[in-house]
């Protein structure tokens, strides 16, 4: 057909040129007689000798080049090199026929050369070693693994027909291999891992259906372990020893053996105590490295209660045992544990011990008997007691009996009282060698006693004189006792003074406060009330206390007016009798100060007159120092400079003695209480002290100033400023009498002539 040979023309009428149609040419690979003629092509378009032949394609002018050649005059095609079918199984060439002039005589035709296979390749296993696993005791026919091989020869020929076989098993014929597929299977029972764990097989594969070339490989088959061997103790009885009064210690090891694979669940042992330990003193764990059972004491043993324990112990694997496996002969063992006697420490009968004691208990008050017992009943011993921790050294412990009592009064403010509890540590020691000591904790609850009465806080206050103004006086109380011996408090006007209830009333606000109010309007001033306060303790404590109340005039907002505030500040917290005494003392001191000032002034005037009189005969110039300026003869309140030189005396005299002094020329009630000033500590501070005092006095209208201020009205006529004279004089100098200057000496006489009458 034309589709298979496109270079062929469609058949036409006439003769068919069969010489130009070339069938496939077969040639064996590895042909050694070279050059070897393959075929001769011929065209009938020209006479012999008039045609030139050529070929093209792989093996000629394409890689691999030089394999084929053609005689261009005869058309004979030759093989020039060895062929390898595994590399190239066929060649497709094209043949051409040209005349001597180079013109095409025929259409190009295909020349196909087929390489015939020879058995020149051995089969090859895909792996050098094949591995497989199978459970021990597997039934015959169980697939273990598969061996595979390849052959490079033509698979359509016997050159690649492979057959598998087992050359060697190293023992009984337990495995077989399928010759065609290479599957390796078990062939009989008896696989025992404990006998042979690994089998090594030698495999062979051959081509030509087993008669040709061969190759070998290995197969390693491992038997997987199953629990077909029960664990067993190495002995029927074990003897161990353990000390009493200890726990968490190992006593000994129980050795077992198991033929199964070490480290696997089929080999790992698990131990159980079947008998002999009803109270759970012992436990057994498995050592994962040696598979031994480790017996330990988890609950302290007591030699006096039991000297020897006989345990019945069983062992088995973590994995269940195969049903067909033989039972263990020594799956159980007897373990004897001898208890070794040791000196045990004493044991307190109750630890910690709790006791209660009232606060303020007197020395010698019994607290508790903190006694212990010695568990070593087979060796009687004597116990002694002592203190290990008593931070306040409050307790005394009897060394023979353990009786605890107080040896002094415990302070309620002790820092070692935590939430009302005091903790001490007591020791009990036996007389063995070496001795053993036990530690006990004694917790003492200090019971609160209602031994304090409540107190007013604060014991003074103020309220409005009109009952409908303000909210009254809020009174509070405190109590040193702890609940429930404190609040709620009960406030009551003293029943000893029944007339108080006529003007005053008390109403509770909460558990710790009450409100004092007036029943009707009363006169302003200081009132001293007597209140009775009672707490809620059992039995209750009560106290009658004074309360100083300042009744003042109030504004619309219910607060005291400024004048009333000054009154309240001077009288609050001071009783009426004390106030009278203070005022009397102040008046007496003022009178004494005035008397001393008058005497000093009279002496100064007499001295001045004598001095001036002596100046009449003294014509020398004299310099007089005037160090202070006052308000003239009317200034009787000039500051005494001696007080500035001794400020501590001034501070003592200026202590508040009731109501502060008021200036007559200052608005009533505008005084502001001054904070106490610190006295100078060194001479360098005296100047600052004086300046600060002057500034404070100048800005405080409620106390006498250091330099009395005078009031100057406008005087004079015709001058914008007016006169500045501080002397109350008339409008002119003519109204003045200067005749007195005549008696003061020659110099003053001249002044008298100038200013006096003619």
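For all residues, glycine too, the Cβ spot is worked out from N, Cα and C.
Remember, TrEMBL labels are computer predictions, not curated facts.
The domain 'Cadherin' annotation in TrEMBL covers 44-125 (among others).
If you look up TrEMBL, you'll see 126-233 (among others) marked as domain 'Cadherin'.
The domain 'Cadherin' annotation in TrEMBL covers 248-348 (among others).
Among the features that TrEMBL reports, domain 'Cadherin' is placed at 349-456 (among others).
Taken from TrEMBL, the feature region 'Disordered' covers 361-386. Listed by sequence, the residues of this chain that lie at least six past the ends of the region 'Disordered' (361-386) yet keep a Cβ under 8 A from its Cβ atoms are 245, 302-304, 341, 343-344, 346-349, 353, 355, 395, 397-410, 426-432, 438, 440, 442, 444.
The compositional bias 'Basic and acidic residues' annotation in TrEMBL covers 373-386. Applying DSSP to the compositional bias 'Basic and acidic residues' (373-386) sorts its residues as follows: 0 helix, 4 strand, 10 coil.
Looking at the domain 'Cadherin' (475-564) alone, the prediction's average pLDDT is 85. The domain 'Cadherin' annotation in TrEMBL covers 475-564 (among others).
Per TrEMBL, the feature transmembrane segment maps to 576-600.
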